[in-house]
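Sharing the feature lines straight out of TrEMBL:
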- Lys22, Ser23, Arg27, Ser144, Ser145, Gln146, Ser172, Asp291, Lys318: 3-phosphoshikimate binding site (BINDING)
- Lys22, Gly69, Arg98, Gln146, Arg322, Arg365, Lys389: phosphoenolpyruvate binding site (BINDING)
- 56-398: domain 'Enolpyruvate transferase' (DOMAIN)
- Asp291: active site, proton acceptor (ACT_SITE)
Amino acid sequence: MKLTLQKSSVNSKSEIQITGSKSESNRLLLLQALYSDIKIKNLSNSDDSNVMQQALQTSTNVIDVHHAGTAMRFLTAFFATQNGREVTLTGSSRMKERPIQVLVEALNLLGADITYLETTGCPPLKIKGNVLTKNKVTLKANVSSQYISALLLIAPKLENGLELTLEGEITSVPYINMTLDLLNQIGVETVFDDNFIKVKPLNKELKAKSLVVESDWSSASYYYSIVALSEIGTEITLSAYKESSLQGDSALANIYKQFGVETTFLNNTITLKKNSKNTNAIKLDLNNSPDIAQTIAVTCLGLGIKCHLTGLHTLKIKETDRLLALKNEIEKLGGKISVTNDSLGLEESIFLKNDCEIATYNDHRMAMSFAPLALKTSLQIADSMVVSKSYPTFWDDLKSIGFKISK
Ligand SMILES: O=C(O)C1=C[C@@H](OP(=O)(O)O)[C@@H](O)[C@H](O)C1
Ligand SMILES: C=C(OP(=O)(O)O)C(=O)O
């Protein structure tokens, strides 16, 4: 469904509640399938978490995870260890292009039985569950951290735990730390030293049974962008967030200082306030937080600020080739942008074209990252429904703070 966003302004003060992080939720759902005593609070209401939950509950043999990358990767590891169960794990046409070979090879070296049903290296997969007999494996760490998290999540159930040696520059490191921290919270002992990770088997009672998911910082990024593009004094309060987060995208609080947005932490909320204007060029390495690259690029476009973003090599294998998608849509609006395999450069722009239709490429973050531009110009979002992958109530929440949105 196409949506029209008229040029809008937001209320001077507003509040939004965002549900749990989809990354934390999908890890905890997998751990809950392994340790049934675990209770999860503030679970994400995203499609990706719903798909994960259903996949772990169903007894059917063909499981379709649609666009959910974490579900695909985490479930591959999970079903590889379900002795006696045979599953076909598939997804959307884009999922069938997203690489999974690094994970499949690592699991097969540990003793799993996974084969490709269509293209070598990509889903769909045939997974014959069995007992993984080995406990040491070396794998490439520069393609996706999700492969590493997938292995770590099943590790405490393996008889001898797991030892991983990581090759190459490690990408999206905070997501690996998030996995290890959640394991630690339930009582699993881990070591992460340089390029080596060790996870011990959990042979005792769970340390914590009730875990509360912090709200999603990637979803918060769109409000950072909205505040950055608003009048000085504009405030938005979001819940429920913590100052010491497991989510790498909490780097937003620091990053958006450069756009004049201050963050105040109080009673599990964050208040974002536009305090000052900034026109200085932005330079950032986003290797640790790839999911906020689109938000930041579009904030810069809206403010007419030059930016140079690096560490973006994983963007090409996400829901779409996000570098190409950004280039296409930013150029439509009149921006001057260049992209390489792992970077993006945007020139200062002064004028944004009106009424452009932003294509969404089956990517929730394309729709959500361009929406804040309605504070500067009128625009259309080609397929508004894509947001449900991570943030189903996004458009209602935007309306509640003053955005003028119609079908
Ligand atoms: O582990 C996770 O929950 C995620 C890891 C990141 O992927 P990569 O490690 O592939 O960059 C991130 O982009 C994705 O949205 C969620
Ligand atoms: C890349 C993302 O998700 P996934 O890889 O889990 O599909 C995302 O949510 O931006």
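For all residues, glycine too, the Cβ spot is worked out from N, Cα and C.
Buried or exposed, and what's around them? Tell me for each listed feature.
Within 10 Å of the C-beta of Arg27 (3-phosphoshikimate binding site) there are 27 other C-beta atoms, taking all protein chains into account.
Other Cβ atoms within 10 Å of the Cβ of Gln146 (phosphoenolpyruvate binding site) number 28 in total over all chains. Taken residue by residue with DSSP, Gln146 (phosphoenolpyruvate binding site) is part of a helix.
For the domain 'Enolpyruvate transferase' (56-398), the mean pLDDT of the prediction comes to 97.
Neighbour list (Asp291 (active site, proton acceptor), Cβ cut-off 8 Å, at least 6 residues apart, same chain): Ser218, Ser221, Asp249, Arg365. In the three-state DSSP assignment, the secondary structure recorded for Asp291 (active site, proton acceptor) is helix.
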Considering only the binding-site residues Lys22, Gly69, Arg365, which possess a Cβ situated under 6 angstroms from at least one atom of ligand 2?
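The ones that qualify, in sequence order, are Gly69, Arg365.
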Based on Cα coordinates, which of the following binding-site residues are within 10 Å of Arg98 (phosphoenolpyruvate binding site): Ser145, Ser172, Lys318?
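Of everything listed, what lies within 10 Å of Arg98 (phosphoenolpyruvate binding site) (Cα to Cα) is Lys318.
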About how far apart, in whole Å, are the alpha carbons (Cα) of Arg27 (3-phosphoshikimate binding site) and Gln146 (phosphoenolpyruvate binding site)?
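Gln146 (phosphoenolpyruvate binding site) has its Cα 10 Å from the Cα of Arg27 (3-phosphoshikimate binding site).
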Hey, of the binding-site residues listed (Lys318, Arg322, Arg365), which one tops the CB count within 10 A?
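Max Cβ neighbours within 10 Å, all protein chains included: Arg365.
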Mind computing the max CA-CA distance among Lys22, Gly69, Arg98, Gln146, Arg322, Arg365, Lys389, which the record assigns to phosphoenolpyruvate binding, rounded to whole Å?
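Overall maximum Cα spacing for these binding residues reaches 20 Å.
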Just to confirm: which same-chain residues, 6+ apart in sequence, have a Cβ under 8 Å from the Cβ of Ser172 (3-phosphoshikimate binding site)?
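Those within reach of Ser172 (3-phosphoshikimate binding site), by Cβ under 8 Å and sequence separation of 6 or more, are Ser144, Ser145, Gln146, Gly248, Asn287, Asn288, Ser289, Pro290, Thr314.
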Ligand 1: which of the recorded positions Lys22, Ser145, Gln146, Ser172, Asp291, Arg365 have a Cβ closer than 6 angstroms to it?
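Cβ under 6 Å from ligand 1: Ser145, Gln146, Ser172, Asp291.
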